[in-house]
Amino acid sequence: METLSSSFLATPFPHHSSHLNYVSSSFRFSAKSPPNSSFTLIFNPINKLISHTAQTLKNKQIAPKIIKKKQSSSLASIFKTLDDLVWNFIDLPLRPSIDPKHVLSGNFAPVDELPPTPCEVVDGSLPSCLDGAYIRNGPNPRFIPPGPYHLFDGDGMLHMIRISRGEATFCSRYVKTYKYMVEQEIGYPIFPSVFSSFNGFGASVALSFLTLAKMLTAQFDPIRQGFAGHLFALCESDIPYAIKVTPDGDIITMGRHGFQRSSREWFFRMTAHPKIDRETGEAFAYRCHPLWPFLTFFRFDSEGRKYKDVPIYSVHGPTLTHDFAVTKSYAIFADVQIVMNLLRILRGRSPVGIDSSKVPRLGVIPRYAEDESEMWWMDAPGFNMLHCFSAWEEDGGDTIVIVASNLVSVDQQSLENVQLAKLIMEKLTINVKSKTLQRQPLSHRLLDFGVINPAYAAKKNRYVYAAAIESGMWVGIVKVDPSLVVVDSNDCTVASRFYEPGWFGGEPFFVARQPNNPAADEDDGYLITYIHEENGEGAKFLVMDAKSPTLDIIATVKLPRRVPYGFHGIFLSESDLNKL
């Protein structure tokens, strides 16, 4: 199984090799609201998938219009005046964690779009297996709001380096979501955020009425839909957006895609971390909802047809389940302490909060279940999964193994300021027969944004590559071997690479050196990522040897401008791109 990676990027579909990988991203949730910046990329190389739309998309070089001008400029002006009134006179003083002047400082600040621009390889040479495109996402708001802002808000920008025969070009493009197009037309931000918009009782009530008024006067339609493609940018507050990479190294948004489904079915949102079975071509996904049923599981066949929803009624309240695990026989969900309660808005607070009295659980359901009758749950005290890096079965399906990140700092402060979050990597072993759970920490470091060799998705794998975190910043990459049994130190790190002082990065991505060689070692390949010089404007694309005990840098590309910190990414080989 493969996943992509978001919040705001990343995973490929079957038969070849995202974070678009075992999908990862940051929290992204919004009740019926259009997408914020949390995106995951997905690639499906199956030519038949969405075949009814493939010819329509062929050779198109411009994104279709997805909105019509429905409001007069005078009405938009009135709403802007009312929004300004709320932000300037009703909102409480902004805390640093939601003050855009603070949140969007340094390399978190947004950048403008950049057309394809040549890059210089300043050290080493680019391996031929990197011919293709590496794409990573990030929030990057189009408009800086005068009111509250959270790092998970934004519009979603894709940063791509296109490599061909040792040469590279770089570009940055917004995902032209419905939210982006509406606000671009109006000229200021109008969509509320569940993470930051509700700041004080008076502002919360005023904002709720203003949002309703904007919907009733057609300022925006929160469930508008569009069409398809093979490469998708995902966000938990919307359905997927089809993305196209052009021959000259540019990125185009083709539009929303609702998949083939019953015309009576309302499909308005899905996780940014679907799991794709490379052998069968199937995709597995879910959605969370603030109203009952709070969790719904579903899947797609290799033709892109969506099967019926499987509501999970045994989830007793709205929970922000950001990621899940899928093996050959099961899907595993985490019922965590990060919850949503719409009544919190009436108290002038974000509906997203922490329920410290709740005991986290893990739920196991057959992946082809028609209903939840065979689902069972086990308590997992202290385990709040953020990202699932890998999952597989052992002992003929009697044992499930999961490698994931655990948010150990579960408090409102960490939820508001993600740089305070403490994430550790754990190995979970589930005995399916006895319905028991064992947990093992895998490193003494704070780690997240873990990836594996995509060819090993849903298979037993040996290595996980993750971003190391110090003082809230991504300072390097470590290679972890979960198969090791370390009694004393709980540290299964077998290799690492830390950046020069003052340089910081993010999620890595693994690219196999010989992707078509089944006999190749699991770690025979390269780790790629973007890094930034925090006290300057320097930006680089790094290529590291994944087999080296020090993850040696074998090539460095100087980028034409900085790449703001983001979330998930994916690599598409030249052959992948040719199938789009």
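Counting starts with 1 at the first residue shown.
Each residue, glycine too, has its Cβ placed from N, Cα and C.
The annotation Fe cation binding site is assigned in TrEMBL to H273, H322, H387, H568.
When the binding-site residues H273, H322 are compared by the number of other CB atoms within 10 angstroms of each CB, H322 has the fewest. Packing around H387 (Fe cation binding site) is summarised by its Cβ count: 31 other Cβ atoms lie within 10 angstroms of its Cβ, all protein chains included. For H568 (Fe cation binding site), the count of additional Cβ atoms within 10 Å of its Cβ stands at 38 [all protein chains shown].
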